[in-house]
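Features as listed in Swiss-Prot:
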- Cys23-Cys71: disulfide bond (DISULFID)
- Cys37-Cys86: disulfide bond (DISULFID)
- Cys40-Cys124: disulfide bond (DISULFID)
- Cys48-Cys102: disulfide bond (DISULFID)
- Cys52-Cys104: disulfide bond (DISULFID)
- Cys107-Cys114: disulfide bond (DISULFID)
- Asn27: N-linked glycosylation site (CARBOHYD)
- Asn44: N-linked glycosylation site (CARBOHYD)
- 1-22: signal peptide (SIGNAL)
Amino acid sequence: MHLAVTALCLTLAPVLARASTSCGLANISISVENEECGGCITFNTTACAGLCFTQDSVYKSSLKSYPQQACNFRDVVYETVHLPGCPSGMDLHFTYPVALSCECSKCNTDSTDCGPLNTEVSGCLTH
């Protein structure tokens, strides 16, 4: 009986690990500052955040790549906000992504900053 329970746990472990991922939409605030415009605006949007199933092999072959999965945008739209106080001739708009859905997938370094999120600066800087 003990052997059967152990075998069942080992069989279900990968399935349960994948089921416990928590990649999904998260509400975030973004602060945008333009020195020439002399102002700072903060607005809310949605991004993708959470955990994805990943594993790291003990033996690594130089013939095989080992991509890790991250919580990435699946569907996205872009919205634009108006930057107040800008002099004429300046770009008065800031365009940003809004996540509609998320998925666990390999991070595309061509279009995404795949590094850790910088949480040290939470708003606009004062000079």
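A Cβ is built for glycine as well, from the same backbone N, Cα and C atoms used for every other residue.
These figures come from a predicted structure and were not determined experimentally.
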Check your understanding: Among the recorded positions listed here (Cys23, Asn44, Cys52, Cys86), which has the Cα closest to the Cα of Cys102 (disulfide bond)?
Key -> Cys23
Review point. How many Å separate the Cα atoms of Cys104 (disulfide bond) and Cys23 (disulfide bond)?
Key: 7
Point to revise | Candidate nearest Asn27 (N-linked glycosylation site) in space, where candidates are the disulfide-bonded residues Cys40, Cys48, Cys71, Cys107 and distance is Cα-Cα | key: Cys48
Review point. Just how many other Cβ atoms lie inside 10 Å of the Cβ on Asn27 (N-linked glycosylation site)?
Key: 9
Review point. Out of Cys40, Asn44, Cys107, the recorded positions in the record, which is closest to Cys52 (disulfide bond) when you go by Cα distance?
Key: Cys107
Review point. Of the recorded positions Asn44, Cys48, Cys71, Cys107, which sits closest to Cys86 (disulfide bond) by Cα distance?
Key: Asn44
Review point. When you put Cys48 (disulfide bond) at the centre and draw a 10 Å sphere around its Cα, which of the disulfide-bonded residues Cys37, Cys40, Cys107 have their Cα inside it?
Key: none
Check your understanding: Expressed to the nearest Å, what is the distance separating Asn44 (N-linked glycosylation site) and Cys71 (disulfide bond) at their Cα atoms?
Key -> 19
Exercise for review: Could you check which of these disulfide-bonded residues, Cys37, Cys40, Cys107, sit within 10 Å of Cys71 (disulfide bond), going Cα to Cα?
Suggested key: Cys107
Revision key, fill the gap. Cβ neighbour count (10 Å, all chains) around Cys107 (disulfide bond) is 16
Revision key, fill the gap. Between the C-alpha atoms of Cys23 (disulfide bond) and Cys37 (disulfide bond), the distance in angstrom, to the nearest integer, is 37
